[in-house]
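Peer 1: According to Swiss-Prot, the feature transmembrane segment maps to 27-47, 354-374, an assignment based on sequence analysis. The annotation divalent metal cation 2 binding site is assigned in Swiss-Prot to ASP74, ASP116, HIS247, HIS303. The divalent metal cation 1 binding site annotation in Swiss-Prot covers ASP116, ASN154, HIS247, HIS301.
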Amino acid sequence: MALVRWGLRRQNFHLLRRRRVLLLKLTVVVISVLLFCEYFIYYLVLFRCHWPEVKMPARGGRQEPVLKAMFLADTHLLGEIRGHWLDKLRREWQMERAFQTALWLLQPEVVFILGDVFDEGKWSSAQAWADDLHRFQRMFRHGSHVQLKVVIGNHDIGFHYQMSKYRINRFEKVFGSERLFSLKGVNFVMVNSVAMEGDGCTICSEAEAELREISRKLNCSQEQVQGSSQCDHEPRLPLSAPVLLQHYPLYRASDANCSGEDAAPPEERSVPFEEKYDVLSREASQKLLWWLRPRLILSGHTHSACEVLHPGGAPEVSVPSFSWRNRNNPSFIMGSLTSRDYALSKCYLPCEDTVLTTYCAAAAFLLVLILAHFERLPSSFLFGWKLCRSHLRR
C-alpha cells in the first residue's frame with residue numbers, strides 16, 4: 001500500500017513538474033515575442049537608417065555646418081469621438097516607440113511634423129484638445145538639444161470653412177506662430193496652407209500679408225532690392241534660399257507620376273486631385289513659388305510618397321504618414337542641410353504586417369507546444385515533434 005502511495009505521489013510530482021515546465025516555456029515565448037514586436041523590432045529596423053552625406057565645399061577656408069533634420073507627417077492622434085481605445089493604444093504606441101527609437105539612434109537636431117498632428121482638432125472641445133495634447137507631448141517627448149517644429153494641418157484647425165481664429169490661436173499657443181526662422185544658416189518658412197484659399201477671407205488675407213512680408217525679408221537678405229529704404233534697418237537672414245514646409249502639397253494633377261513602394265496604390269494614382277482639398281490651387285501654388293522662391297518643398301496630407309519638380313526647378317517631396325493607421329509601411333525623411341545644398345534619404349519604420357505575422361506565427365507555435373504537451377497532435381505531427389526534440393537534445 002505504501003508503495004502504491006509513493007508511486008502516485010511520484011506520478012503527481014512528474015505531472016506537476018511537466019506543467020510547470022510548460023508554463024515556463026509559454027511564458028518565455030510570450031514575453032520574447034512581446035519584447036521583439038513592441039520594442040526591439042524598432043531598433044533592428046531603424047538601425048539601417050543613416051544620415052545622407054551632403055557636398056561640403058569649403059567656404060572661406062572652413063566647412064559649412066550641416067543641420068540634421070527629420071521630417072514626418074500626418075500622425076493623426078485619435079480623439080474622443082472617432083478613436084477606439086484599442087486603436088489608440090496600438091497606433092500611438094507604434095508612433096511613440098518609432099519616434100523615441102529614432103531620436104536615440106539618429107540624434108537629429110530638429111524634427112518637423114508637417115501637419116495633421118491631431119485627427120479631431122477641427123472639432124475637439126477644450127478638454128478633448130487638452131487630453132490629445134497631453135498624449136502628444138508624452139509620445140513625442142524630446143530633450144532640450146532637439147527642437148520640435150509643427151506645421152498646421154487641416155485636421156488640426158479644420159478645412160478652410162471650418163477653421164477659426166480660436167482654433168488657430170489654440171494651436172499656435174502650444175506650437176508657436178513663427179513662420180520664418182533660421183537654423184545653422186538654413187532658412188525655413190512654415191506655411192499655414194489651409195489659409196491659402198485665395199477667397200479674401202480675413203484669415204487668408206492675414207496669411208498672405210505675412211507671406212509677402214517674409215518674401216520682402218528674404219529679398220532683403222539676398223540683396224535683391226539694393227538701396228531700398230525698406231531694407232536699411234532689416235536684420236539680415238543667412239544668404240540661403242528657403243526650405244518651404246507646409247501640409248498641403250503644391251498643385252499637381254494627380255499622383256500618376258509618383259513611384260516607389262510607399263507611393264499611393266496603383267489604382268489610386270491616376271485619380272485627379274481636387275484643388276483646395278487634396279492639393280493647393282494653381283494660383284496659390286504660383287504665389288508661393290513666386291514669393292518665396294524655395295530651393296526645396298516638403299509637404300504631407302496625401303499619406304503617400306511622391307517627388308515632383310515644379311516650374312522653376314523647385315523640387316517637392318511629399319512625406320508619407322508616420323502612422324500604421326494610414327499605411328502599412330510608414331516612413332520619414334532624413335535631411336542633411338547646409339545653406340547652399342541638401343541631401344535627403346528615407347527611413348522606413350517596421351511594417352504592421354510584419355508584426356501581425358510574427359504574432360500569428362507565435363500563436364501557432366504556442367498551440368503546437370500545448371497540443372504536444374498533452375499529446376493531442378496527430379500521430380505524424382507528434383512523431384515529428386518528438387524527433388525534433390530528441391535531435392535538439394543531442
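The backbone N, Cα and C atoms fix where each Cβ goes, glycine too.
Here the structure is a predicted model, which means the values were calculated and not measured.
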Peer 1: Just the number: how many Å between the Cα atoms of HIS303 (divalent metal cation 2 binding site) and ASN154 (divalent metal cation 1 binding site)?
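Peer 2: Each residue's Cα considered, HIS303 (divalent metal cation 2 binding site) and ASN154 (divalent metal cation 1 binding site) end up 13 Å apart.
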Peer 1: If you count other CB atoms within 10 A of each CB, which of HIS247, HIS303 wins among these binding-site residues?
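Peer 2: Sorting the candidates by Cβ neighbours within 10 Å, the top entry is HIS247.
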Peer 1: To see if you understand the setup: which same-chain residues, six or more apart in sequence, place their Cβ under 8 Å from that of ASP74 (divalent metal cation 2 binding site)?
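Peer 2: When sequence neighbours closer than 6 are ignored, ASP74 (divalent metal cation 2 binding site) has LEU114, GLY115, ASP116, GLY153, GLY300, HIS301, HIS303, PRO320, SER321, PHE322, SER323, ASN326 within Cβ distance under 8 Å.
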Peer 1: Centre the Cβ atoms of ASP74, ASP116, HIS247, HIS303, go out 8 Å, and tell me which other residues of that chain have a Cβ in range of the divalent metal cation 2 site.
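Peer 2: Same chain, not in ASP74, ASP116, HIS247, HIS303, Cβ within 8 Å: ALA73, THR75, HIS76, LEU114, GLY115, GLY153, HIS155, GLY300, HIS301, THR302, SER321, ASN326.
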Peer 1: What Cα-Cα separation, expressed in whole Å, is found between HIS247 (divalent metal cation 2 binding site) and ASN154 (divalent metal cation 1 binding site)?
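Peer 2: Answer for this pair: 8 Å between alpha carbons.
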